[in-house]
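Lifted from TrEMBL, the feature list:
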type: BINDING; residues: A:Cys275, A:Cys355, A:Cys372; note: [4Fe-4S] cluster binding site
type: COMPBIAS; residues: A:434-443; note: compositional bias 'Polar residues'
type: DOMAIN; residues: A:266-413; note: domain 'DNA primase large subunit C-terminal'
type: REGION; residues: A:428-469; note: region 'Disordered'
Amino acid sequence: MEFSGRKRKIHTSPHAEHYAHALQFYEQPPTENICLSEFETFAVDRVKLLKTVENLGLSYVKMSDDYNKKLNNEAKVLNFPYRPDSDHISHFILRLAYCQTEDLRRWFIQQEVDLFRYRFNDLGREQKLEFLHRNNLQYNAISDKEKVALKDQLISSSYGLSGVTIEHQDFYKVPFQDALDLVRARKVYLQAGYVYIPHQDIITIVLNDFRTKLSKALALTARSLPAVHSDERLQPLLNHLSHAYVGQDYSFQKNVGKISLEQIDSLSGKSYPLCMRQLHQAVRENHHLRHGGRMQYGLFLKGIGLSLEQALQFWKSEFIRGKVDADKFDKAYAYSIRHMFGKEGKRTDYTPYSCMKVILSNPPSQGDHHGCPFRHSDPELLKQKLQFYKVSPSGIEQVGESNFSLNHPNQYFIESQRVLSGGKDIKREMETPQRLQENSAGSTAAREAANASQDLAGMTDLDSIFQDP
Amino acid sequence: MPTSSEYDPDSLPDLLPLYYRRLFPFSQYYRWLYYGGVQKNYFQNREFSFTLKDDIYVRYQSFSSQAELEKEIQKMNPYKIDIGAVYSHKPNQHNTVKSGTFHALEKELVFDIDMTDYDDVRTCCSAADICSKCWTLMTIAIRILDRALRDDFGFQHLLWVYSGRRGVHCWVCDEAARKLSVAARSAVAEYLTLVKGGEETVKKVVLTDPIHPFIRKSLDVVEKYFTDYAHEQAILGHNKSVDKVLALVPEEVRQVLQKDFQSEKTPEKRWDLIKAKASMKKGDDKKQQYFQEEIMLQYCYPRLDVNVSKGVNHLLKSPFSVHPKTGRISVPIDLKELDKFDPFAVPTISLICEELDQPRTGEKESEDKKEKENENNATERRKIRDYKRTSLAKYVKYFDQFLDGIACTWKGELLKKSDLQKQF
């Protein structure tokens with residue numbers, strides 16, 4: 001397959017023009033000197049901004065009017081960027097802090113891409129064209145003859161594309177590898193390995209470009225880390241910055257042994273989020289669970305405190321009832337359970353899946369029980385299930401505006417246990433948080449669902465090497 | 001004396017040595033994975049995994065030459081061979097490499113279509129069973145995916161392989177395909193996915209305007225097979241399956257159809273009724289207007305396992321590997337004869353081993369003489385004679401044709417490289 005040659009001019013003109021508006025590809029690192037306190041302030045402010053971007057992305061559909069308004073306000077409140085060059089500098093500082101692990105990189109790239117998208121969309125049409133031109137993004141435009149020949153295909157490939165639009169706009173032929181988001185969602189015409197993109201949609205390409213470049217840059221940055229860390233002034237700050245983003249990952253080593261296997265059934269009724277309740281039920285009923293379900297539920301169990309021995313006992317006892325003999329279990333399934341606990345292979349101690357990961361990666365297919373019921377189930381079936389689990393009708397309809405945001409199944413478990421152990425007097429208050437939890441899970445998840453297709457690219461799958469025996 | 005159509009899994013330990021010594025097409029296999037030597041160490045850095053007797057599984061096997069590959073396989077007699085990625089270093093030395101630097105670089109883009117993923121829409125079989133009635137699903141899957149991978153994505157070198165029991169695999173061997181990132185593989189797989197949802201989802205296909213050309217073209221394929229397939233599966237014959245079909249239809253239409261079906265019992269006429277209601281919907285109230293297409297797609301459109309396609313390091317069963325449960329060889333499928341392909345006619349290891357013992361005819365004697373003159377190596381001679389005497393021959397021949405196809409691209413690459421060198 002041929003790739004059209006793309007020449008990119010490295011932008012080297014003076015600051016004034018460079019910072020005319022904050023949007024840039026961050027291709028050149030800053031060269032100024034700044035003092036240490038500025039180093040810290042710039043960085044911290046950017047982290048705050050990126051966290052805002054993340055939170056807004058969970059509560060609102062990205063690029064919706066609400067989202068844009070709120071982000072605009074928040075940026076003003078944070079007074080970001082403080083100076084024209086602080087955006088540039090802070091980005092590069094954060095590269096140092098966030099290049100160190102796969103998780104950190106993924107988070108940083110995601111928020112920077114969302115921020116970029118917001119800023120680009122904020123530009124007027126003329127400014128957009130000017131930006132593209134300035135950054136020399138040249139994809140080959142197709143001839144008018146070709147446009148006419150492809151007109152019907154182009155119209156039926158994209159929502160909202162009329163014959164008139166096609167006539168008046170340039171269409172670019174782009175290798176499909178450079179437009180993965182559009183290919184993934186089938187929002188574009190694809191032929192012989194090239195997608196045909198109207199000028200108005202070129203942003204997706206630009207974003208992909210940005211994401212790829214940033215990803216490569218972070219990998220390079222990671223190599224220079226030892227030198228950076230040897231500077232005593234910077235090391236504590238960078239550590240602080242990279243820990244700032246991480247919500248709890250619920251590895252929960254300290255909880256091990258506090259749960260007994262006998263408790264699991266009752267716990268599943270009381271404190272499991274719906275997805276895990278569903279999985280547990282499937283295990284009990286079918287005495288089997290496919291790989292995706294074993295990963296999602298197995299890691300959750302680890303998070304709530306099951307030890308490796310208990311986990312092996314649990315799975316083995318179920319699978320044996322499912323007519324897998326003990327030998328086969330030891331050979332085929334025990335390995336992957338030990339792998340989950342970091343006792344095999346790379347010895348990575350895998351963390352339980354967050355809601356984001358459950359919703360966005362590995363959608364369930366025929367025969368699967370994993371996934372997020374609020375995202376992956378039929379609305380009717382979901383309603384029935386919630387009714388069965390005794391969530392009140394108003395609870396189901398209600399779209400919670402609560403401050404409690406649920407983004408991890410193990411978080412649900414902990415909060416639920418906390419509430420349940422709070423004593424008999426606050427029984428009434430107990431119901432509300434539980435219902436709110438169901439609702440926020442529902443509403444949060446529903447909104448996340450709207451953003452789902454955009455975020456999937458770039459998520460590496462730790463367990464992709466395993467297949468079902 | 002067991003007939004050639006009977007395969008006994010217990011005989012595998014006796015048959016495998018024979019298979020690997022005299023029948024496995026090692027030189028074609030090596031020719032494939034060597035990819036013309038365009039990239040240095042491409043074969044040496046390829047991971048293989050073996051499943052041995054008693055379910056012992058070994059990963060990170062790698063070999064420095066065809067001879068070494070042959071020797072090891074003949075020594076270990078694996079029940080199953082998987083092919084993995086080309087890594088940054090020799091996989092069998094991965095423990096000696098500095099932590100973090102050993103990683104997968106390239107691999108063919110692969111697809112795995114498994115009949116069990118269609119259990120909710122086939123009535124003839126379930127789980128590991130297949131029959132000629134549901135095999136149509138594989139034919140449809142191959143036609144749709146082959147067209148899309150070639151026409152839409154521009155890939156040219158596709159190898160379709162029978163998995164040995166209940167499905168098919170596709171190996172996309174173009175250089176561009178081998179170099180795809182995880183994100184790109186997942187995007188391709190999602191583009192090709194129309195049926196979504198697990199146990200909890202009733203309606204797995206939802207179409208909205210505009211209908212993308214890819215969906216249109218896939219529907220064209222499904223339409224060719226659907227009427228016969230639906231008839232064979234009797235999806236509109238029995239109450240239970242009728243209910244399943246009607247669950248996919250908008251509610252108000254469902255009620256009308258349920259009444260109509262009480263008097264109309266013929267499956268073909270019932271489908272006509274559904275089609276009629278669908279075109280009415282398209283005429284006036286365009287909401288949910290594509291339910292006829294959605295039914296056809298939910299019943300027939302290929303269901304692929306995205307996880308198999310996503311991972312660069314994912315291991316997939318090798319062509320010409322044996323399926324331990326059925327004894328069938330994972331043979332490449334010639335698409336020119338796709339409609340005639342019969343999974344139950346695929347040779348088993350016991351069949352081809354038996355065919356080895358058959359006495360040679362006079363014709364074959366003269367053929368062998370000619371080969372004697374052309375070949376120097378006695379073992380090579382015997383090997384070439386051997387598989388050609390068996391039912392495996394036509395599959396190896398087809399594999400050769402496939403390799404001739406890709407070989408053109410290697411020649412181009414090697415020329416380019418030598419040209420570049422000459423410039424200095």
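Cβ from N, Cα, C; glycine included.
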### Query
Among all the protein chains here, how many other CB atoms are within 10 A of the CB of A:Cys372 ([4Fe-4S] cluster binding site)?
28
## Note on the structure
Over the domain 'DNA primase large subunit C-terminal' (A:266-413) the mean pLDDT stands at 81
### Most crowded position, judged by CB atoms within 10 A, among A:Cys275, A:Cys355 as binding-site residues
A:Cys275
### Task
Mind tallying the domain 'DNA primase large subunit C-terminal' (A:266-413) by DSSP state, helix then strand then coil?
91 helix, 0 strand, 57 coil
